[in-house]
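Quick one: the structure is below, and I'll ask about it shortly.
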Amino acid sequence: MANVVVVGAQWGDEGKGKVVDIYTEHADDVVRYQGGNNAGHTLVVNGEKTVLHLIPSGILHKGKRCIIGNGVVLDPEVFIMEINRLKEKGRLQDDSALLVSESVHIIMPYHKQIDLAREAKSGDKKIGTTGRGIGPTYEDKIGRRGIRLMDLLDPEIFARKLRENLEEKNFILEKLLGEKPLSFDEIHKTYSGYADILRKYVANTSLILCKDIAAGKKLLFEGAQGTLLDVDHGTYPFVTSSSTCAGGACTGTGVGPRDIHEIIGISKAYVTRVGSGPFPTELLDADGEQLRQTGGEFGATTGRPRRCGWFDAMVVRFAVRVNGLTGVALTKLDVLNDFDTIKICTGYTYEGKPVEDLPANLAVFEKCQPVYEEMPGWKSDIRGVRRFEDLPEKARLYVHRLQELISCPIVLVSIGPGRDETITIRNPFA
């Protein structure tokens, strides 16, 4: 028996969806434990592209149960839309294959309105929010004002909580943000309709997961975003509002730490970032544009072009430490096919002195200079390779060097977007 957590080891968009899709073959349950529809997983199966924002990637596999844990914040409209799209494609024929924790917090219209209005007023201090209400929903969760899914299903409780919250939110919208107030009747009617649709998916998912573990079933925990976007360990305040690290898999599902056996970090063979915040290896030249265009580095959720840079070993080494990674899956190695020379950031300097770890102080981090090591490119197409030993020697040397720098074994190498374009070195479920 093995239960595996998959986390992003950089700033998100590392290719977790594909890796989760591959590992799902070996799992019984696939569990989402944090975030909301601010993350997009792009999967290519038999040439068909599917983008999921809330529902775990495992839904594309028959016989698997997908669970959305209590650490997620749920937009009912988006969730229902994803269900309908999957059913149109012939997926999710059995509704019992998808469960949602009764304790998830619900994204309300005022959360989205506040999110967008705040970002619009922040000028050059923008965080880079997707505007989907994720942060304000987590604010209400921590402030003990949130509306949970179990509340939405109880007409009396939902009406009371909505009325109380809307009084405060409309004050904020009108008096502080200069926006129009929202209508209680409109929200109540719409969300009561959502409740009727959602009811059949709701469950005590913590209990179900723990029973499955006791029965010897294998669980795969699917993280969203990345380690450097973690609200505690990331480049605060340019972070998301949830715990993206491996520890979030426990708090976000109700499964204890001793039932986690493997933690796999996902890292690109280079690095990208969306939105504002420090990025020491960012490339603003032709190399950066080549990475962006070749790698298709545009957000699955927003369509925004991603910032691109050379592989940063400091970032991934940090992710290895704070997550306790047992392995790293390296994605998009093929994007580097045409480079004559490839750089690796092996460390930073600040004011001319070496930096031991990622600075928590943003003012320091923003002034860190990367220390580069150069390696020759392999200048050949590797997408047809299926065994590590069949990669060009220079590609193998690159992977081995990254492994040395991050002090963690690389257990998988992705060389294209397709499920079959993968080299598995070690299976964490084996």
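In case you wondered, yes, glycine gets a Cβ from its N, Cα and C as well.
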Figure out which of Gln225, Gln290, Gln293 sits with Asp13, Glu14, Gly15, Lys16, Asn38, Ala39, Gly40, His41, Thr130, Arg144, Thr240, Arg304 in the IMP site per Swiss-Prot.
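IMP site check in Swiss-Prot: besides Asp13, Glu14, Gly15, Lys16, Asn38, Ala39, Gly40, His41, Thr130, Arg144, Thr240, Arg304, the record includes Gln225 out of Gln225, Gln290, Gln293.
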Pull out the binding-site residues from the set Gly12, Gly40, Thr42, Thr302, Pro305, Ile415 whose C-alpha sits within 10 Å of the C-alpha of Gln225 (IMP binding site).
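For Gln225 (IMP binding site), the binding-site residues whose Cα atoms are within 10 Å come to Gly12, Gly40.
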Are any of His41, Thr302, Pro305, Arg306 (the recorded positions) within 10 Å of Gly15 (GTP binding site) when you go C-alpha to C-alpha, and if so which?
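Correct set: His41.
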Which one, from the binding-site residues Gly12, Gly15, Gly303, Pro305, has the smallest tally of other C-beta atoms lying within 10 Å of its C-beta?
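Fewest other Cβ atoms within 10 Å, among the binding-site residues Gly12, Gly15, Gly303, Pro305, is found for Gly303.
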Pick from Thr42, Thr130: which of these binding-site residues has the biggest number of other Cβ atoms within 10 Å of its Cβ?
Thr130
Give me the count of other Cβ atoms within 10 A of the Cβ belonging to Gln225 (IMP binding site).
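Its Cβ shell of radius 10 Å holds 28 other Cβ atoms.
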Within 10 Å of His41 (active site, proton donor), Cα to Cα, which of the binding-site residues Asp13, Lys18, Gly303, Arg304, Leu333 are there?
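The binding-site residues close to His41 (active site, proton donor) (Cα within 10 Å), listed in sequence order, are Asp13, Lys18.
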